[in-house]
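A.B. asks: The structure follows.
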Amino acid sequence: MIAKTAVALALVASAVALRPTMSLSANRREVVAGAGAAAVVAPMLRPAEANAVYTRGTSLSAPVITIFDARGCTDHANKEYKGDWSGRAEDDECCVKIQMQKISVAEDVARLVRLECLNELKSK
């Protein structure tokens with residue numbers, strides 16, 4: 001979509017740059033040509049539709065972020081990390097884990113949330 005828009009704008013820009021100098025008054029032919037160019041370019045400039053489609057039966061997954069922070073922990077010797085020392089103990093005692101997990105919601109809970117939202121909208 002962006003490529004089409006860029007090509008269309010490049011064509012219009014090159015046509016404007018290479019046109020002969022025109023008089024101060026625009027005649028009917030120039031107005032019609034400008035309107036035609038605008039009609040061609042306008043559909044390309046509208047935003048593209050989102051392709052976020054959910055089909056029933058597919059699994060819903062989302063990134064789940066887990067932060068492990070063992071700074072100041074003295075319960076055990078931290079021997080999990082095998083890499084080089086960073087120079088600061090605080091940096092070596094933290095970890096961030098990102099994992100895609102299936103998100104499941106019970107149908108009855110979803111129904112209750114929907115009804116609650118609809119009731120809230122009706123009351124306004």
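Yeah, the Cβs are placed from backbone N, Cα and C, and that goes for glycine too.
Sharing the feature lines straight out of Swiss-Prot:
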- R71: (2R,3E)-phycocyanobilin binding site (BINDING)
- C73, Y81, K97: mesobiliverdin binding site (BINDING)
A.B. asks: Tell me the Cα distance separating the residue listed as '(2R,3E)-phycocyanobilin binding site' from K97 (mesobiliverdin binding site), rounded to the nearest angstrom.
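C.D. replies: K97 (mesobiliverdin binding site) and the residue listed as '(2R,3E)-phycocyanobilin binding site' have their Cα atoms 16 Å apart.
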A.B. asks: At a 10 Å cut-off from the C-beta of K97 (mesobiliverdin binding site), count the other C-beta atoms across all protein chains.
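C.D. replies: 9, counting other Cβ atoms within 10 Å of K97 (mesobiliverdin binding site).
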A.B. asks: List the same-chain residues at least 6 positions away in sequence whose Cβ sits under 8 Å from the Cβ of C73 (mesobiliverdin binding site), in sequence order, or say none.
C.D. replies: E93
A.B. asks: If you run the three-state DSSP split on C73 (mesobiliverdin binding site), which class comes out?
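C.D. replies: Note: C73 (mesobiliverdin binding site) is coil by DSSP, not helix or strand.
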